[in-house]
C-alpha cells in the first residue's frame with residue numbers, strides 16, 4: 001500500500017520524485033479566510049533549500065512554490081490548496097550503478113522488494129527532496145495556529161551536543177547548522193567539514209519546541225498528540241528515534257524526579273517543570289510541547305560498502321553525487337513543518353468535538 | 001476529538017474505563033478462516049494481568065476475555081470480532097481527592113481541560129487498564145502473521161540495563177520482570193522493591209524484536225512501518241520515547257559505522273548488521289524489526305507533590321491506592337501486542353496493493 | 001475487507017451476528033457533557049423492535065440496550081460509548097438447508113464467495129438484526145443535534161403510495177406501518193397481510209425529513225452531505241435506491257421547474273420550493289433535508305426458488321422461519337438513525353474546519 | 001470540513017477551481033507495474049471534453065492531461081500519480097452579478113453559508129469542471145481492473161427514455177448524447193436543442209453497467225459496494241438519485257418477482273435474472289453491476305429566477321454564459337470513471353483481507 005496523506009481534519013497529500021518534473025502537496029481541510037499567498041510559504045522553503053552552504057548538498061533548486069488552487073483574492077477558500085514546486089536541477093548523470101545495485105541504508109532494496117522495481121534516479125520517491133512538499137504544507141498549517149510559536153534547532157551533531165547554558169535562539173539563524181549555541185556551531189563546522197571531505201557523514205539530533213499550545217489538544221487514545229508527533233517525526237527521512245519531553249532520560253528518573261508540579265497562575269496553572277514535554281494522556285497541558293528527533297548519518301558515503309545487485313550477486317557500491325554530509329541539519333525546517341501540521345490538525349479536531 | 005481506532009485494513013477500536021463494568025475491543029478486517037477462540041487470546045492477557053507478583057499492582061482482575069462476534073465454528077468469519085473483558089475488582093474507595101485535585105503526571109488536568117469534566121475513578125479512560133483491550137486485539141493480530149515471531153522484554157529498569165552478553169530469551173519467563181538476563185533480574189528485584197516500599201517508582205526501557213518479517217511491508221510515505229510503530233508505541237500509557245534499530249545511538253555514528261552491508265544468501269540477501277532495525281524508507285528489509293520503548297516512572301507516588309485543584313487553588317496530592325511501582329514491566333505484553341497489530345495491518349496493506 | 005465503521009468525527013462501529021450472544025455499537029467522537037443514559041436510547045430501539053404486530057417478524061427480542069462505557073454521572077465523557085444489546089430469542093432450529101444452499105436475494109452466496117464460508121444462522125452478519133446497533137448509535141447522534149427534528153415514515157408499500165394531501169404526522173404512530181395517511185394505512189393492512197399469508201413479500205418506500213438543519217453542513221467534494229446520506233441509506237439491508245429532494249423526478253423537469261427561488265427572510269433566506277431536498281453543492285441550504293429510500297421486498301419467501309448448493313448443484317429453496325413480510329416498515333427507525341448520524345457527523349466536521 | 005479524497009486503498013484527491021490556473025488529481029495506492037502514460041488517460045478526457053457539439057457548453061478546453069509523478073519508464077511505480085490539467089479558456093468576463101447574488105440551484109449560497117465567502121468565477125470549486133479530474137483518475141483505475149468492462153450511456157433525457165428493445169451499444173459513439181438507441185437520439189436532438197435555444201435546460205438519467213466483476217468484492221457493512229457506488233454517484237454534480245439494479249422499481253415487486261434464481265454454470269453460478277444489479281449484502285455476486293443515476297436539469301438558465309443577494313436583499317438573476325443545456329450528457333464519462341474507481345478500490349480491498 002501507498003499512504004501519501006497525513007492528518008485527519010487538516011490533511012495533506014504529497015506527490016513527486018526526486019528527478020521528476022515537479023513535486024507538490026495538496027492541503028485539504030484548511031479553514032477558510034486565512035491570508036495566504038506564495039510569500040507566506042516561500043521563506044520556509046528557503047530555509048530548507050539545498051546548496052546554501054558547503055555543509056549541504058550542492059544541488060541547486062530554487063524551490064519556488066506555486067499555489068494552484070484553494071486561494072481566492074489572497075485568502076484560503078476552504079477548498080484544497082494545491083502547491084507545486086518544479087524540479088530544476090535534476091542533473092543528467094549516469095544512474096546505471098544505482099539502478100543495478102542496492103545502496104545499504106537507502107530504500108533501494110526495500111522498494112524493489114515491495115514494488116518489483118523502482119525509480120532509481122536520485123532515490124525516486126524515497127528521496128529527502130520530498131520533504132520540500134512537507135515544508136510547504138507546514139507553512140499553511142502555521143496559519144491555522146497563529147497562537148503557537150515553533151522553534152526548531154540542531155542540538156547535537158556527530159555526538160557533540162550544545163551546552164544548554166549557552167542556548168540563544170537568536171544564534172540559530174547565524175550559522176549554517178540551525179545551532180543555538182555559537183560555540184557548538186564553531187565546533188560543528190569542523191566536524192561536518194571533515195566528514196564532507198572524507199566522503200563520510202555524521203548524524204544529528206534536532207529539537208523542536210512549540211509554545212502557546214493551549215491545554216486540551218489531543219485525540220486519545222489512538223490519535224494522541226504525542227503518538228501523532230511520533231509518527232510525524234519518525235516518518236521523516238533518516239529519522240530513527242523520537243522523544244517527547246525527557247524521553248529516554250525519563251526512564252532513568254524516579255517518580256518524584258519526573259513529576260511536573262502545578263502551581264496556580266493568572267492564566268491557568270503554572271507548571272514548575274516540564275519533564276512531560278507538554279503532553280499528558282495524549283493531550284496538551286498548556287506547557288511547551290517538546291520533541292527530540294534523532295537523524296542517522298547520511299547513508300550516501302564515498303567509502304565502498306558491500307552489497308548485492310538486483311540479481312542477488314555480491315558487489316560493492318560507493319555513492320557518488322551530491323549529498324548532505326549531515327542530513328539532520330536540513331531536517332530542522334521539516335521537523336518544524338511536521339510539528340505545525342500535527343498541532344493545526346489537533347486544533348481543528350478539538351474544536352470539532354468539543355466546540 | 002476522540003480517536004479510539006487504530007490501523008488501516010486490520011483495525012481495532014477499544015472502549016472502556018478503569019472502573020466501568022467492562023472494557024473491550026472490536027477487531028475489524030481480520031482475514032476469514034483463522035482458528036480463533038478465547039484460548040488463543042487468554043495467555044497474552046494472563047501475561048499482562050496484574051496482581052501476579054509484588055512488583056505490580058495488587059488489583060485482582062481475572063481479565064477473562066469473551067468473544068462476542070466474528071467467530072463461527074472456531075474460525076474467524078471476516079466480520080468484526082468483539083472482545084469483552086469484565087472489570088471485577090473496582091475497589092469501592094473514596095475518590096474525592098482525585099476528583100478535586102490534579103495528580104501531576106497523570107491525564108487528570110488534560111482531560112478536564114479538553115472535555116470539561118472526567119471520569120476520575122482510577123483514571124477513567126486514561127488508565128493503563130485499557131491496555132488489556134490492546135493485548136486482546138494483539139492476540140488476534142498474531143494469528144494474521146504466523147510467519148512472524150515477536151519477542152519483547154525489559155532491557156533496563158531504573159537506569160540499570162541488561163548485559164547483552166547475558167541475553168537469554170529462555171530467562172524472560174523465569175522472573176517477574178520479563179528480563180532476559182538473570183543477573184539483571186536479581187538486581188531489579190531490589191530496585192523495584194525499594195521503590196515500592198518507599199512509595200516511589202522507577203522507569204524502564206522495553207525492547208521488542210519481530211523476526212520473520214519479509215521484505216516489502218510498509219506504506220510510504222505517511223504510513224511508513226517505522227512511523228506506524230512509533231505511533232503505536234508512543235500511544236501506550238507512560239511511554240516517552242521510541243527508537244527503531246539503533247535509534248538515538250545512530251545519530252552518534254558515521255555513515256560507515258551505521259551501514260548495514262548486504263551479502264548474497266540462499267533466501268534473499270543476508271545483512272551482516274542491523275543498525276536500521278529492519279526498516280529502510282519505511283519498508284521492511286527482511287531483517288528483524290527492532291524497537292525500543294522508554295517508559296517513564298509511574299506517576300502515582302506516595303510522596304506529596306504540589307498541584308492545584310479544580311478551582312485553581314494550590315494544594316498537594318499523594319497518590320494512595322494500588323499501583324505498579326514500575327509500569328514499564330507490564331508494558332512488555334502491550335508493546336508486543338502493538339507490534340503484532342502494526343505488522344499484521346501492513347501485511348494486509350501490502351497484499352492489497354501489491355498482490 | 002471488512003468496514004464496520006461509519007462516520008468521520010462522530011464515528012460508530014458495529015459488531016454482532018443474528019444468532020450470536022449479542023450485538024453492539026461503539027460510538028466514538030461524541031462531544032462531552034451530553035445527558036445520556038439507556039432511557040435516551042431505548043425508545044428508538046422499541047420503535048424498531050420486532051414482534052410488535054403481525055406485520056413484522058415474530059422473533060421476540062426485548063432489545064434492551066446497555067451502556068458499557070463513555071458515560072459518567074449521566075453525561076457523555078467524550079470517550080467511546082459502548083452499547084450492547086443481548087440476543088435472546090435465537091430459536092434453536094435446523095439450519096442445515098440454509099447452510100447448504102444459497103437463498104436468492106440474500107447475501108449467502110456473496111459471503112461464501114468473499115470469505116470462503118459464513119455464519120449461516122439467521123443470515124449471520126448480513127441479517128437486518130444488525131440495524132438495532134445503528135438505531136442505538138443514532139439515538140446518541142440525536143443528542144448531538146438538538147436543533148434538528150427528524151421525521152421518517154413509509155410513503156409507499158407494494159406500489160400503493162400515500163396521498164400527500166392526507167399527510168398527517170400525528171398518524172405515524174397510530175398504525176403498525178409508520179404511515180402518515182390513515183387511509184393508506186388501512187389499505188396497506190390488507191396488502192401486507194395478503195403477502196404474509198401467501199408466504200410472499202412486498203417492497204416499500206421510506207421518506208425522511210430533517211428540519212432545523214442550518215445552512216453550511218457538508219464536506220465537498222467527496223464527503224458531500226448528499227453523498228454521505230446516499231451511502232448511509234444504500235447501506236441499509238434491502239435498500240436499492242436513494243433520492244435527495246425530487247430525485248429521479250427532477251430528471252424530468254426543466255431548469256425553470258426545478259429552481260428553488262429564494263426570498264429574504266427574518267432568519268436567513270426563505271426558499272419558496274424545495275426540489276433540491278435541502279442540499280446544494282453537497283452543503284445544506286437551511287431548507288429541510290429530504291431523502292427517499294427504496295426497500296426491495298423481503299427476499300425470504302415461502303415460494304420455492306431455483307438455486308444452487310455449496311457444491312454448485314442445482315436445487316431449490318423456500319425460506320421458512322420468522323420474517324418481515326415487508327422489511328421496509330421497520331426500516332423507518334433505521335433510516336432516521338442514519339440521517340441523525342450523518343447530520344451529527346457533519347455538524348462536528350463543519351465546526352472543526354469553520355469554527 | 002473539506003473532504004477531497006475518495007477511496008480506501010486506491011484513493012484519489014482532486015483539487016482546482018473552474019477559473020484557476022489548473023486542476024488535478026493525485027491517485028494514491030495504485031498497484032505497481034501497470035502500463036501508464038498520458039495516452040491511456042486522454043481518450044476518456046476527450047469523451048468528457050466540452051465544446052464538441054452544440055449540445056454542450058462552448059467553453060473550449062483541450063483538457064490535456066500531464067502525469068507529474070508515479071510513473072517510471074512507462075509503468076506505475078506504486079507511488080502517488082499526480083495528474084494535472086491546465087485551464088485554458090477561462091473567459092475574462094464580468095462576474096459581478098454572480099459575485100453579488102445567489103444563483104438558485106447552484107452552490108453559491110451554500111458555499112457562502114459554510115465558508116463565509118467563495119470563489120465565484122464559474123462556480124469555483126463547485127463547478128462541474130472538476131469532474132475532469134475524476135475522469136483522469138478513473139482512467140488509472142481502469143488499469144487496475146482489466147477484467148472489468150464498463151459501459152455507460154444516457155437512458156433518458158427530459159423524460160424521454162430509450163427503448164430497451166432498440167438498445168445497441170455500437171450506437172453510443174454515433175451521436176452526441178451517448179445514446180444507445182438511434183431513434184431516441186434523434187428525438188433528443190430536438191429536445192435538447194429546444195431547451196438550448198430557449199435558454200432552458202433538461203434533466204437526464206444515466207445508466208452504467210460493469211461486466212466481468214467477480215463475486216466477492218465489497219466491504220460490509222459500512223463500505224458495501226452499493227453504498228460506495230451510491231456515494232460516488234450522488235457526489236457527482238447535479239445528481240439527485242441513485243439506483244442499484246431495479247432500484248425504486250424493486251419496491252413495487254413481490255418477493256417472487258424480485259428473485260434472481262441461480263443455476264449451475266461452468267464458471268460459477270448462472271443467474272437467470274439481475275434485479276439485484278449484481279450486488280447482494282453489499283458484495284458483488286458475479287452478475288453485471290448496474291447503476292442508474294438521475295441528473296437534474298442544469299441550474300443555469302436564462303429565465304430570471306427570484307433570489308437574494310449577499311446582503312439578503314431580494315433580486316432576480318438569469319445565468320448568462322456558456323452552459324450545458326443538459327448536464328447529464330457529459331455525466332456519462334464521469335459516471336463510468338466513478339464506477340471504475342469504486343470497483344478498483346474494492347478489488348484491492350478484497351485482496352488485502354481475503355488474499
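Here the Cβ of each residue, glycine as well, is placed from N, Cα and C on the backbone.
The NADP(+) binding site annotation in TrEMBL covers C:48, C:54. The FMN binding site annotation in TrEMBL covers C:125, C:126, C:127, C:237, C:238, C:281, C:296, C:297, C:298, C:299, C:300, C:322.
On a Cα basis, residue C:296 (FMN binding site) lies 19 Å away from residue C:54 (NADP(+) binding site).
In this structure, the CA atom of residue C:125 (FMN binding site) is 18 Å away from the CA atom of residue C:48 (NADP(+) binding site). In sequence order, the binding-site residues near chain B (CB to CB under 8 A) are C:125, out of C:48, C:54, C:125, C:296. Shown in sequence order, C:17, C:18, C:237 are the residues of the chain, 6+ apart in sequence, with a C-beta less than 8 angstroms from the C-beta of residue C:127 (FMN binding site). Distance noted between the C-alpha atoms of residue C:300 (FMN binding site) and residue C:48 (NADP(+) binding site) is 19 Å. When the binding-site residues C:54, C:125 are compared by the number of other C-beta atoms lying within 10 angstroms of their own C-beta, C:54 comes out lowest. Here the C-alpha separation of residue C:296 (FMN binding site) and residue C:48 (NADP(+) binding site) works out to 18 Å.
Chain D comes within the C-beta cut-off of under 8 angstroms for the following of the binding-site residues C:54, C:296, C:298: C:296, C:298. Fewest other C-beta atoms within 10 angstroms, among the binding-site residues C:298, C:300, are seen around C:300. Counting only residues at least six positions away in the same chain, the Cβ atoms of C:128, C:295, C:296, C:298, C:299, C:327, C:328, C:331 sit under 8 Å from the Cβ of residue C:238 (FMN binding site). When Cβ atoms from all protein chains are considered, those within 10 Å of residue C:296 (FMN binding site) total 31, not counting its own. A C-beta separation below 8 Å, combined with a sequence spacing of at least six in one chain, links residue C:48 (NADP(+) binding site) to C:63, C:131, C:132, C:135, C:330, C:333, C:334. A coil conformation is recorded for residue C:296 (FMN binding site) in the three-state DSSP classification, outside any helix or strand.
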